[in-house]
Ligand SMILES: NC(=[NH2+])NCCC[C@H](N)C(=O)O
Ligand SMILES: [Mn+2]
Ligand SMILES: [Mn+2]
């Protein structure tokens, strides 16, 4: 694993309609992410936060079924440039959200450095909607589709190329809430999904072993996009779109430890921490615990 790492915060809450997720980066920093990584001998450069405009009804007009399109796309373009620059400097980008719409910018900045970027989408949701299929108009439900080149040009064409990733290089882990249009896209594109059903049947250990083997074989880099709502809301309550029946903290820890051992990750992001909905910063603290394991913390 690259020991030089850059942390980038994205206080984005315009990709959905519950306020508070903009405080996610602060909450994760407050829970001690930098110290945790420095203890593991990483050289950390925290670049601060990408600018995000504040919700203001006057200039936040909805474009068709895409809420705050302009503001979401502007911040994501900047995020893409920041991430791109860090990879250019040979630094591992660790992006802290913010709602999941920020995966549009992070992947735009990352994917141009790889021919076959793999993506592990750890999430209760598929985030495979477009303006046409979305039941909510919330862009945080669309980033994975956008990265496949499906969606508004202002989102899909950030940094002037599209698509960012190939459907066969995606593995979704933890899904339990998929909209009809998302199911159709998964079938049509043949995207690998380990839903809660497969995780219950096979166990997280086998699911991650298969995921790692599969991605190792055919990709030249792997990005982890971890939405905290992949975890069960009883354990991680500080998220805007909770879905019951999720992954436990232990299962998630195991997944991170196995990724750390396999040493395949080249970038990562942790998103959707909403401190307003949280219980004493528990969800952000959990995110930092997972980050610790992902980057090499061991019990012995
Ligand atoms: N990143 C997330 N938490 N996404 C939730 C998406 C929920 C729903 N599928 C929608 O498109 O509105
Ligand atoms: Mn989600
Ligand atoms: Mn998500």
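Positions of Cβ are set from backbone N, Cα and C atoms, glycine also.
According to TrEMBL, the feature Mn(2+) binding site maps to 100, 123, 125, 127, 227, 229. The C-beta environment of residue 100 (Mn(2+) binding site), restricted to residues of the same chain at least 6 apart in sequence and closer than 8 Å, consists of 15, 123, 127, 140, 141, 143, 225, 227, 271, 272.
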Exercise. If you take the centroid of the Cβ atoms of 100, 123, 125, 127, 227, 229, the listed Mn(2+) site, which other residues of that chain have their Cβ within 8 Å of it?
Worked result: 121, 124, 126, 140, 141, 230, 241, 271, 272
Problem set entry | Nonlocal residues around residue 125 (Mn(2+) binding site), in sequence order (Cβ under 8 Å, 6 or more apart) | 141, 175, 177, 178, 182, 227, 229, 241, 243
